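As written in Swiss-Prot, here are the features:
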TRANSIT   1-20  transit peptide
DOMAIN    218-406  domain 'Glutamine amidotransferase type-1'
ACT_SITE  CYS295  active site, nucleophile
ACT_SITE  HIS379  active site
ACT_SITE  GLU381  active site
Amino acid sequence: MIRVIQPPLIASKQLFRRYLATGGTFTNKTSQLDRATLTIKDGPVFSGYSFGANKNISGEAVFTTSLVGYPESMTDPSYKGQILCFTQPLIGNYGVPSSTLKDEFNLLKHMESPSVQCIGIVVADVALEYSHWTAVESLQQWCQRSGVAAISGVDTRQLVSYLREKGSSLAKITIGEEYDADEDAAFEDPGSVNLVHKVSTKAPFHISCPEKYAKGLHIAVLDCGAKENILRCLVERGASLTVFPYNYPIDKIANKFDGIFISNGPGDPTHCSSTTENLAKTMEKYHDLPIFGICLGHQLLALASGARTIKMKYGNRAHNIPALDLTTGKCHITSQNHGYSVDAETLDSDWEPYFTNLNDLSNEGMKHKSRPIFSTQFHPEAKGGPLDTAFLFDKFFENIEQYRATNGLNLGNVDDSLLVDILPKGRVL
């Protein structure tokens with residue numbers, strides 16, 4: 001028998017205070033919203049209210065325990081195809097900032113990609129009214145404008161308890177007054193397709209470094225779904241970037257750059273076999289070339305070196321996960337968003353673990369024992385989250401400077417065959 005869990009009459013202390021302050025008049029606007037249902041495949045059914053796009057959707061239900069940063073999370077390409085549940089009870093209270101405003105590097109100032117990447121969101125209580133000096137619209141308006149399904153009034157504590165016990169599950173959000181268990185909308189598994197292909201640039205593009213930051217460095221970026229703040233962290237340290245599609249044969253031109261960076265991204269890393277093959281060739285041909293990978297980039301680098309990746313039960317998605325630096329013994333608080341991890345037991349003898357998750361003891365990084373190559377499962381750039389490990393970008397740049405000094409070459413300018421001057425200046429979708 002399927003149990004339908006009804007939304008609470010008053011979903012939060014905030015609404016209860018409002019209820020008392022108005023003399024017992026319930027002033028929340030959820031009564032004006034359409035009813036909606038969140039259905040977990042082979043699991044519970046939650047009834048709530050729709051405040052997003054008026055459409056039915058299906059995807060993988062995951063959760064984040066991050067307290068803030070919902071605009072950044074929702075535009076993170078790593079969430080492509082997923083239904084994101086926020087454990088923070090009240091979401092939307094500071095609204096949504098501009099999704100088009102750019103900074104001095106021509107990168108989005110507030111968002112991590114040009115569009116919302118998750119297919120739907122689940123919250124306990126949505127703030128339909130907002131207050132913040134950077135906000136230009138409400139979360140409701142943004143979801144509706146972006147075509148994102150959104151449901152509020154859900155018992156997110158019970159939902160997260162289920163996902164922690166059973167693991168990340170397929171789910172769907174349907175709009176309508178009555179739940180129909182025989183509804184023909186199928187449960188679609190986003191993990192069955194190559195999600196990286198959907199979020200990666202379709203052609204190379206170039207990001208110039210402003211003169212006041214420039215150090216004459218040029219880094220090649222493999223775009224598996226790169227967050228804007230990752231690109232910003234590279235440019236603000238003095239490098240121009242040429243960003244390539246995830247499956248670009250980087251081994252053929254890697255020696256034209258000062259370093260290679262492999263970005264974050266969504267889904268199963270084994271779907272990117274061409275990327276791992278190209279990385280393996282690159283490491284075989286250029287022994288001293290600095291390489292740095294983050295999140296999916298970490299997993300792809302591990303696969304390229306002969307290690308194995310595994311799907312986690314429910315993944316790690318939060319801004320407060322402790323990671324132990326096995327080199328220094330220091331513990332850092334990190335921002336994470338991933339459903340797969342590297343099996344440290346399968347690392348080749350030339351590699352060693354770099355960081356370990358102190359919550360579940362999963363691998364959080366690796367490094368080569370004799371070459372300037374390392375990677376992390378967590379996000380040193382955060383956005384949102386702590387910046388405890390931002391020093392890893394500095395480490396990457398130190399490796400680059402040493403590489404240039406050792407080779408005695410000025411590698412900062414790529415040859416004319418790449419036609420950097422005429423490359424697009426933004427991601428080609």
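Cβ atoms here come from the backbone N, Cα and C positions, even for glycine.
Keep in mind the model is a prediction, meaning the values are calculated, not measured.
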- Task: State the Cα to Cα distance, in Å, between CYS295 (active site, nucleophile) and HIS379 (active site), rounded to an integer.
- Result: 7
- Item | Those residues of the chain, 6+ apart, with a Cβ under 8 Å from that of HIS379 (active site) | LYS227, ILE230, ASN264, ILE294, CYS295, THR334, SER335, GLN336, ASN337, GLY385
- Message: Give the mean pLDDT for the domain 'Glutamine amidotransferase type-1' (218-406) on the 0 to 100 scale.
- Response: 98
- Item | For the active-site residues CYS295, GLU381, the one whose C-beta sees the most other C-beta atoms within 10 angstroms | CYS295
